[in-house]
Amino acid sequence: AAAAAAQLLLIVMQLAGPCEAALPLVINTWAFRKATETAWRTLQLGGSELDAVEKGCGQCEIDQCDGSVGYGGSPDESGETTLDAMIMDGNTMEVGAVADLRRVKNAIGVARKVIEHTKHTLLVGESASMFAVRMGFPYEDLTTQKSLLIYSEWLNQSCQPNYWKNVVPDSLKSCGPYKRLEKLTCEEGTVPQRSIRNHDTIGMVVIGESGTVASGTSTNGGVHKIPGRVGDSPIAGAGSYADSTAGGAAATGDGDTMMRFLPSYQAVEYMRMGIDPTVACQKVISRIQKYAPKFFGAVICANTTGSYGAACNKTPGFTQFHFMVYSPSLSQPAEQVVDCI
């Protein structure tokens, strides 16, 4: 009877599939395996959940994950790479964040210092860079030959695509400089096609053995963005959210659209209600779809028991979302895929 029970348990565990609960847990957006490994190793060496998030996202800043995280990618309209990042402690609900960070590479490291050494939540722009230097981070050039090439090619294509609308001269045909159009129109502009190779953020959730939750993000933002633009990544509840009484979530995609819906906060609140993490992520995506059916975006979710899930919005060139998971039930980081809805 005992053997039969054990066999039945094994079958049930196999049927539970990739989303079975196990702690600790590291989950992050996209197939950024090295970031997952670094976060997991940090936990195994006795680091905290916050340490794991900082080191994991920081690994992507070093690796320049897909050119969309860290230095040398996504130059803005003036050709400069700037960084956004945040980190959140699900025990204390403290958040540290930086946006439009210039000339400092370790954005999430600076965000951690905002928690540790200030009573603030978000520092921006040149002042954030000055804070970073006071905290011991060196000034470094974030420009590379690759980012300069991206920028020069964009200039040669009449600055297409860009993020302007209702301006003169016509932003669909020229590089400006622009002035406001007196009579507003319903112009939407061009939307670049997205694919698995064209995305923008690492978002990470780490849950410790006791259910303690931390989350974080790091990105260099939208390519050719208007200088000063800040997306969803460094905004608590938008880019990521952590609450050790419920779970954690992180988002990736079109930050200008997604930040308006606080998707990470909403996902955690759904999980607090007892909703399965996968369903919580799907419900978040569905809410945004009602207003922006063509938006590019995805969300990862995990509750305090270690169950997790993800969801994405189906658009041309983006029909599946890849993300990474590491837990005791896995011998190594596992790349997982969900079909977009």
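A Cβ is built for glycine as well, from the same backbone N, Cα and C atoms used for every other residue.
What you see is a predicted model, and the numbers here were worked out from it, not measured in a lab.
Summarising the annotation, TrEMBL assigns signal peptide to 1-21.
According to TrEMBL, the feature active site, nucleophile maps to Thr201. The Cβ of Thr201 (active site, nucleophile) has 32 neighbouring Cβ atoms from other residues within 10 Å, across all protein chains displayed.
Long-range Cβ neighbours of Asp254 (substrate binding site) (same chain, at least 6 residues apart, Cβ-Cβ under 8 Å): Ala292, Phe295, Phe296, Gly297. Residues or ranges marked as substrate binding site by TrEMBL: Arg229, Val230, Gly231, Asp232, Thr252, Gly253, Asp254, Gly255.
Long-range C-beta contacts of Asp232 (substrate binding site), restricted to its own chain and to partners at least six residues apart, with a cutoff below 8 Å, comprise Ala238, Gly239, Ala251, Gly255, Asp256, Met258, Met259, Pro263.
Considering only the residues assigned to substrate binding, Arg229, Val230, Gly231, Asp232, Thr252, Gly253, Asp254, Gly255, the longest pairwise Cα distance works out to 16 Å. If you measure from the Cα atom of Thr252 (substrate binding site) to that of Thr201 (active site, nucleophile), you get 6 Å.
Counting only same-chain residues at least 6 apart in sequence, those with a Cβ under 8 Å from the Cβ of Gly231 (substrate binding site) are Asp84, Asp200, Thr219, Gly221, Gly222, Lys225, Gly239, Gly255, Asp256, Met259.
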